[in-house]
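As recorded in TrEMBL, the features of this protein are as follows:
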| type | residues | note |
| --- | --- | --- |
| TRANSMEM | 6-27 | transmembrane segment |
| DOMAIN | 68-175 | domain 'DM13' |
| DOMAIN | 187-291 | domain 'DM13' |
| DOMAIN | 318-451 | domain 'DOMON' |
Amino acid sequence: STGCKAGVKLCCVVLLLFPYPELFTYVQLRLAFRNCRRVAMKTICNIWILILFIGDSRGHDSEDLYFGKFLGTFNNYHHQVGGDVYAVNKHTFHIRNFMYDGNGKDTFFWAGTRPRPGPQGFLVPSENGRTNVLGSYLNEDITITLPAFKTINEIRWLAIYDLTRQEPFGDLYIPEGFEPPRKLQLNRLTGKTGHVNSDPIIVVDAKTLLINNFEYDGSGEEAYFWVGVGPQPHSKGDKIPDELGYLTPLGRYHRASITLTLPGDLSVQTVNWLAVYDIKRSQVLGSVILHDELNVPPSLVHITPHSNLMPQCEQLHRDLQISWDMFGDQITVEVAVRMGMNEYVAFGMSGSPDRPEMVGGDAVVLHRDEFLGYAIDVNMTSKFPCTKLLNQKKGVCPDEQVGGIQDYQLMSSIRNDGITVFTYRRRLITADTGDIPYVPKGAAMIIWAIGGLDDNRQATMHRAWSKVAQLLDLGRVPSKNCYSFTHDNNNDGASWKGIKLTDPNTVEFTARLGPDGGPKGYSAMTGNPSVTGKSWYINGYLSPELYLRRNRAYKFLVEGGASPHDPANYHPLIITDEPHGGFSQMSAAQKAKVRILAGVDYTQRGEVRPMSLRGGRLCEWKHPDNMDRRRDADIPTFPEYRNALTLDCGKDGGPVSLNVFPNKSWPATVYYNSWTGFNMGWKIHILDEEEKVTAARLTSESGAPSAAIIPSVFSLWSTILALTFLSLL
């Protein structure tokens, strides 16, 4: 009919002019078809609209989720009791859609070993761990645990029982021969070629696989962890993230213990095998079969569905997915990311066509406060936060601060259930000569990062980033390679112990640069966020606390770099009464509040400058080529970590000598830091001449004595000399 044709035309205009139909509500499109007179045509129109708007949704159907081993449904005798009961493990029940009207006067969860429910039983705490009389429940999902380490195998029934009336309002009988869900052991991950090997794989829960002593020689051209259905592994499977959440080709593994989490809606109940698969060679390098109907605990991983109506989507990391749509000379990009309120996400084009290169690249930094989102076009001239040196700003700086143009238009931002979604638009080729074009056809090298914001809401060192090459073809045939976000509450384990150098005979210190040590390192040891990714290493230790005495001379041999042309490699050492450093980047008002105790001198005009401006080579601890910085958290102790690093020192020049003489005017606690960067050093405790280092002075900030007190730095050198001597025998 004429009305239907007009509605179709309107929809076509909307889709052509605005390639984001999510901006228009379902009701608005229904109004476009309000003049359809024929019932058949109206039905077709309605179906088309529903497909358009909800057909792409990937929400969860509760029937497809795994909650544990199904035990049955509550029998209802009184007060509308109902619900499906699952065994999570041998101690715990999960009840779905639990119903109870709450009108019992003395009613509890009750379990026992007698053939039928009765007063000879025991009380089971509610989902809150309480033993109060039960209130009302309306289709609620709850989890309850048997008390005193009792097991489901020991009981015959679970009931909603009224002690006053001595009768059950509803009950469930435990099936005979019940086996509770538990961790299961599978075969080893092996292959015919010998490229892959491991210990027997442990199925921890429905989404988690533990692989101990995993070996992979890295010989595949483009190998991934791969899962799928069917009797044997094949090319039609799905790529899953590695143990760090990355979806990039696997590197070499040697006797590694890794934990893989199945992404999105995948579980051990929905896949039949796990493999290491080389997609370039179409070759299975190693595999293991997952048995049918594995009786394992349900996963505690939190799943957050996310979908949109853009035609393209690519999962770049477990926590990051990019969607886009091109129209004419413009592109609209949606960035969906799991990150905190004080974090940012960056996405853009690499500075090199062959590898992910931050310097020379072009990116947008996206973050959000409680109310608003922000999209900042950045210029990247150094792997360092934006820093002003020699009256020039270098590092990761907003385009508008270095003569460029802000070319990203933020259209929307929203945060829900831990997922932040930004939608921005830019031209494929901008007027800013510093920008890299978005190529409409062909694969392009991309870069991305997720990290924290400092107190000024500026981007700091990232926690996840594009270390391995990732190519993206923006003009490919439309495809969606994304899945629901997953998140568990596992942390990175205990932090490294903070180090305290207390030997009163040590009067000379070497100060060199090195990496921050990741989540177990500088941030965990000091409580300060790592802004630059670099830290001071004093006598080879990561930002230790120093104990100096008044009226005694000390010498710091500083090797932090002397060329102010690159902020990443220019770090004169200063000692002040404030904890964060970065004096050169402070405002005049901030500088006025800081007392500098050592490390600077003054020009004839009274301007402050670092003493090491006159010299001092750059000497830095670095990750060797075979060491992945993303895996710093896997190393249990700092000595193991430091011993894996290599020391790289410049050939020209030597250290700058900084003489320090604490006197009675110095505060009890001062700080060594960098002239250029924030949060790179730590505390210096100033003791009186005859004061002893007591346990109280060695107490950490948390109140617990530190376990890593270094009475003498010579023990490190004696160990090194001993090992060297043994290697020569």
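Just so it is clear, glycine is given a Cβ too, placed from its N, Cα and C backbone atoms.
Keep in mind that TrEMBL annotations are predicted by a computer and have not been checked by a curator.
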Exercise. Check the domain 'DOMON' (318-451) for me and report the mean pLDDT.
Key: 95
Quiz prompt | DSSP residue counts for the domain 'DM13' (68-175), split into helix, strand and coil | solution = 3 helix, 53 strand, 52 coil
Self-check item: Residues of the domain 'DOMON' (318-451) by DSSP state, where helix covers H, G and I
Solution: 3 helix, 75 strand, 56 coil
